[in-house]
Structure formats: C-alpha cells, structure tokens
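To start, the structure under review is shown below, and the notes come after it.
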Amino acid sequence: MKSNKKILFIGAPGSGKGTISKILVEKYKLVHISTGDLFRKKISEDSQFAAQIQNYLSSGSYVPDEITNKLVADFIKKIPKNQGYILDGYPRTLQQLEFMIKNGINLDCVFYLKIKNETIISRLSQRLFCQKCQKSYNLLLAKPKNGLKCDLDNTDLITRNDDRPEIITHRIEKFNNSVIPIVEFFKKSGIIYYLDAEQTLEETVIEIEKWL
C-alpha cells in the first residue's frame, strides 16, 4: 500500500511522533523526514558541521533556523514530487513555517499529538538509541528484544544527553512557546487534526489512518 500524502506531525518530544512515523512509513511507503535524524547523519559525515552545532544539541536548544531550513530543503529537493512523506520535527518556529510556505513545501494534513508534561518526562527517561544505526527504542513503548542491545546490529544502546530530566523540561518549555502560532496557522488552513497521545501507539495509528 502506498500513499502520496504530505504529512506533518506536531508534538512535543516524547509524544510518539517518531515511532508513529516509522510505522506509517513502512506501511504506506512514505519518506520519513526527521530533523533529528538529518542532523545526526550530517554530524556523522561532516566534522566541521558537527563542531558548529554541537553546543545547541547538547543543551537542548534549537539549531538556528537558517541551518535547519537548508538541511530540510536540500533533502526534500531529492524526493520525487509524487512521493508521499512525513515531516517530523519541522517546522518548529514561525520563521521555519514562513520558509516552508515561500519554498513550496506543501502539506495535505497536519496531526497534533497532545500529551501531558509528566508523560513526556516519563517516556523520554526510558528512551535508548543505537550508536551505530541510530534506531531508537523505549523501555515503556518499544523495548529492544535483546536486553540493552540493538535488535539490528547488537550494538550497546545508550541514553542521549538531551534526554536528561533537566534538559527535557527545557525542551518542553521551548516547544510549547514555539508551537502555538504554528498550530493556529494550520487551524485556519483547515488541515489540522488533534490526537490524544496519551493513548497507545496502536490506537493513535488507527486514528491517523482514517485520514490517509
């Protein structure tokens, strides 16, 4: 089954948008455009770029818009026009939204995953990542099959620096402050749907599929 829909997920860190995206990407042959994944890939390939933005990432701050905009736009240019995709983690600011509109990055539907702060902290404190392939796991929602090793390459799993409780709280505050005008814009466009991210991932996916 293939979809050509252009989809945006809006949700705080820990809302499940990355995991949900991967489920839909596999089922509907969509391209997953995660700013986090794009940055990690670029950092692993370009030491000069890594040095430039490492301070932002380690403190939980957003990278300057011009850097994020270029990274996302360069990636989208490589995607065929009839190919569906999921934007995950972009746009996060009004400046990024304006860049999207100006550069013709169009969307068919927007899903806003609403979740309580205490649930976010609980979920993120249980996140683990593979250092080699960047696959993510969650001890609450998506456990690795082999203890604390990656299912794909048996590499030891780690906790990211920005998943520490004090940084999580900072990330939640920044997200809440930046997301309101973006949500208001898409509300006026009539393409935004609100989802309860407190429910299971399976229940959330079933709701999303009603609009695909």
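Cβ coordinates come from backbone N, Cα and C, glycine included.
Under the DSSP three-state reduction, TYR137 (ATP binding site) is assigned to strand. TYR137 (ATP binding site) is surrounded by 21 other CB atoms, counting those within 10 A of its CB over all protein chains shown. What Swiss-Prot records for GLY14, SER15, GLY16, LYS17, GLY18, THR19, ARG127, SER136, TYR137, GLN199 is ATP binding site, and it gives sequence analysis as the kind of evidence.
Annotated region 'NMP' per Swiss-Prot: 34-63, in sequence order, evidence recorded as sequence analysis. Broken down with DSSP, the region 'NMP' (34-63) shows 24 helix, 1 strand, 5 coil.
For ARG160 (AMP binding site), applying a Cβ distance below 8 Å and a minimum sequence separation of six or more within one chain yields ARG127, PHE129. If you look up Swiss-Prot, you'll see THR35, ARG40, SER61, TYR62, VAL63, GLY89, TYR90, PRO91, ARG92, GLN96, ARG160, ARG171 marked as AMP binding site, on the strength of sequence analysis.
The region 'LID' annotation in Swiss-Prot covers 126-163 and is backed by sequence analysis.
Positions annotated as Zn(2+) binding site by Swiss-Prot: CYS130, CYS133, CYS150, ASP153. A simple way to gauge crowding: the CB of CYS130 (Zn(2+) binding site) has 20 other CB atoms within 10 angstroms, across all the protein chains here.
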Counting Cβ neighbours within 10 Å across all chains shown, tell me which of the binding-site residues ARG92, ARG127 comes out on top.
ARG127
Would you identify the secondary structure of ARG127 (ATP binding site) according to DSSP, in three states?
strand
Taking only same-chain residues 6+ apart in sequence, whose CB is under 8 Å from that of CYS150 (Zn(2+) binding site), what do you get?
CYS130, LYS132, CYS133, LYS135, TYR137, PRO144, ASP156, LEU157
